[in-house]
Amino acid sequence: FPDDNFLTPGCPECRLKENLRFSNMGIGRIYQCSGCCYSRAYPTPMRSKKTMLVPKNITSEAKCCVAKTQYRVTVMDNVKIENHTACHCSTCLYHKS
């Protein structure tokens, strides 16, 4: 099974990156998380397979680069965006359900 320190080759590490489009709007610097963590597929363990309604031979697991902390900023009078202040690898939203 993969450990949390596994990085995809050729993909930059999960970190804050300045969003130049929003930073140039005169409200200060805006940062967003970017980069990779990992995505891996492996054979489903037999004990897990026995509990599945529809048994699958392959299990996939993915970690995405997401904001650990952020705050909302209003731009153009009514558009709210999130300014990320810290990033980490966490379960991807589409894998949580």
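Cβ from N, Cα, C; glycine included.
Keep in mind the model is a prediction, meaning the values are calculated, not measured.
The recorded disulfide partner of Cys33, taken from Swiss-Prot and restricted to Cys87, Cys89, Cys92, is Cys87.
The cysteine that Swiss-Prot pairs with Cys37 in a disulfide, picked from Cys89, Cys92, is Cys89.
Disulfide connectivity taken from Swiss-Prot links Cys65 to one of Cys14, Cys36, namely Cys14. For Cys92 (disulfide bond), the nearest neighbour among the listed recorded positions (Cys14, Cys65, Asn83), judged by C-alpha distance, is Cys65. If you take the CA of Cys89 (disulfide bond) and look 10 A around it, the recorded positions you hit from Cys14, Cys36, Asn57, Cys65 are Cys14, Cys36, Cys65.
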